[in-house]
């Protein structure tokens, strides 16, 4: 997998967290850099860990499904992409996914971790699909974590200004990227074996 593809996966996986961070920043009102870093560390760590967990699950099952693994990767990535697009279209401006104590500048880490975990389920599914490819999951997980960390900082800081306008659109763009990556994996496998 090319470095550009890995970066695109990292960006796509961080759009949910970006949308949640915009909501968090809007709820804080006037977030400080310290607030943004606090939220970004929690989201970044969880987004780094979940693809590794998914990859481990995929490795366990890989020898059972090796003949159609490219279809699984395509299905998971495309399904997640469609899900993200639908969520982005139906949220109607509700980007604040952190429903627990969003107005408290010093929110405890547990509600933030729960939100981060909820937005990282797709990263776990990516990890499962990557288990069927010849790729170093640590590199992909690190890129996903760094992209998430960076985008969450921007999301929190820009939350007050951007509000709902960017949040939903970021999720739609992330979904489109996942569909393209899934289609590319399927095309490459079919063209190499066909």
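Note that Cβ sites are derived from N, Cα and C of the backbone, with glycine treated the same way.
Not measured: the values here are computed from a predicted model.
Among the features that Swiss-Prot reports, transmembrane segment is placed at 3-23 (among others), with the record citing sequence analysis.
Note on the transmembrane segment (37-57): residues 13-14, 17, 20-21, 24, 109, 112-113, 115-117, 119-121, 123-131, 137-138, 140-142, 144-146, 148-150, 152-153, 156 of its chain, located 6 or more positions outside it, place their CB under 8 angstroms from a CB of the stretch. What Swiss-Prot records for 37-57 (among others) is transmembrane segment.
Marked as transmembrane segment by Swiss-Prot: 65-85 (among others). Note on the transmembrane segment (65-85): residues 12, 15-16, 122, 125-126, 128-130, 132-133, 171-172, 174-179, 181-183, 185-186, 189-190 of its chain, located 6 or more positions outside it, place their CB under 8 angstroms from a CB of the stretch.
The transmembrane segment annotation in Swiss-Prot covers 112-132 (among others).
Among the features that Swiss-Prot reports, transmembrane segment is placed at 139-159 (among others).
Annotation comment: Swiss-Prot describes 170-190 (among others) as transmembrane segment, evidence class sequence analysis.
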For the transmembrane segment (139-159), distant same-chain residues with Cβ under 8 A (at least six beyond the ends): 1, 6-7, 9-11, 13-15, 17-28, 31, 33, 35-37, 39-41, 43-45, 47-49, 51-52, 55, 123, 126-127, 130, 166-167
